[in-house]
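Chemist: Taken from Swiss-Prot, the feature N-linked glycosylation site covers Asn163, Asn231, Asn369, and the record attributes it to sequence analysis. Summarising the annotation, Swiss-Prot assigns phosphoserine to Ser293 and lists similarity to another entry as the type of evidence. Swiss-Prot lists 1-23 with the feature signal peptide. Under the heading site 'May be important for catalysis', Swiss-Prot lists Cys286.
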Amino acid sequence: MRLGLLMFLPLLLLATRYRAVTALSYDPTWESLDRRPLPAWFDQAKFGIFIHWGVFSVPSFGSEWFWWYWQKERRPKFVDFMDNNYPPGFKYEDFGVLFTAKYFNANQWADLLQASGAKYVVLTSKHHEGFTLWGSAHSWNWNAVDEGPKRDIVKELEVAVRNRTDLHFGLYYSLFEWFHPLFLEDQSSAFQKQRFPVAKTLPELYELVTKYQPEVLWSDGDGGAPDHYWNSTDFLAWLYNESPVRDTVVTNDRWGAGSICKHGGYYTCSDRYNPGHLLPHKWENCMTIDKFSWGYRREAEIGDYLTIEELVKQLVETVSCGGNLLMNIGPTLDGIIPVIFEERLRQMGTWLKVNGEAIYETHTWRSQNDTVTPDVWYTSKPEKKLVYAIFLKWPISGKLFLGQPIGSLGETEVELLGHGRPLTWTSSKPSGIVVELPRLSVHQMPCKWGWTLALTNVT
């Protein structure tokens, strides 16, 4: 009897293991895939940096949609730019050799990303123009190894980010390409044919994941084709079940026409999405420092860039409503991050050094912003009995009126982050509290562009 049990034990363990594996596996259906819990690190991170870089950085005019606006829509602004600056017969493909990345230094980029306070980065491995920032075998002579830089940009940044920072490394990938012959052929068949995803999109997606192991896979650009044309659910089932990043990878919602804001890991819904209220599903506000372009554009004026005050406001509003902020920059054709982007990144890092406690690893509170003082937004850490009130304007009176928190005498404590001393507060009628802020000179302020009160034991 005992011998029989010993002989049966390996089979029992195998069966148990099989049940555990299958319990965590996902079928290639949205119903199954949408049940996958989002890896915890993403919600804890709160803040990431988006980098739009490609051949569009060579003309660096108008936006990263330069090729489309010039050749497809024939917008006068773009046609005139080419007529005035390039010889007749110049093609968009001719920009490829001019995309030199001459001064691209992945270590410098990584150090700047670390200084920004961001916890993840997403690089455009391929935008709608089809040029890949790695040596894709499926993008012959239209990739960064064969043309222009003659370097594997994706690999260099991946190594630098993982060796020099605590950021999670992510990749953006455009499913479609504006002018690829196979995509245009499929499009003309109302997407009954699938030559393009089979020959181009899917092989590149599998290669990106296996070769660079991104922890964010940011899909975009469905070209009007549904998810079944892209074979999205089969790919995501592999990503979640078998890929080398199956336990940590997060994905967005742009996997085919009709999937956005409906299916996927977290929702982006639209560019610059900031609903201003709590959502039932994890979401991300992907936005740009340059108000009018994701890629670098040399004709931008100073007023076209969001100020640090506006960026802090975006971050605070987004996190208070349960989202992550993905803030975009655009490097130049030779690999330099323009000074104005560098300044904004470093300013965000400076602000987060003081106020990061109220951002990273926080939860939403019962109220997202205050009813009495509108420029106050709330986050919380329930396990520490903490509520954070982030206020974007310092009141002239020196008193901050908060309509939402309810304090308890002898229990509630209030502290200004970066100041370190308890503050005096009183109850307010009909509800809320009034906090007496410290009298500080400009040089004594813990930060410049928004401040945080840590409230202990409030309801």
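Glycine is no exception: its Cβ is also placed from the backbone N, Cα and C atoms.
I would like each feature placed in context: is it buried or exposed, what are its neighbours, and how far apart are things?
Modeler: Reduced to three states, the DSSP call for Asn163 (N-linked glycosylation site) is helix. Applying an 8 A CB threshold to same-chain residues 6+ apart, the list for Asn163 (N-linked glycosylation site) reads Ala110.
Around Asn231 (N-linked glycosylation site), taking its Cβ as the centre, 18 other Cβ atoms fall within 10 Å, counting all chains.
The number of other Cβ atoms within 10 Å of the Cβ belonging to Asn369 (N-linked glycosylation site), over all protein chains shown, comes to 20. Under the DSSP three-state reduction, Asn369 (N-linked glycosylation site) is assigned to strand.
Taking a C-beta cut-off of under 8 angstroms and a sequence separation of 6 or more, Ser293 (phosphoserine) has the following same-chain neighbours: Gly62, Ser63, Glu64, Ala300, Gly330.
Around Cys286 (site 'May be important for catalysis'), the C-beta neighbours below 8 angstroms that are at least 6 residues distant in the chain are Phe50, Thr268, Asp271, Arg272, Tyr273, Leu326, Asn328.
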Chemist: Taking only the Cα atoms, work out how far Asn231 (N-linked glycosylation site) lies from Asn369 (N-linked glycosylation site), in Å, as a whole number.
Modeler: 41
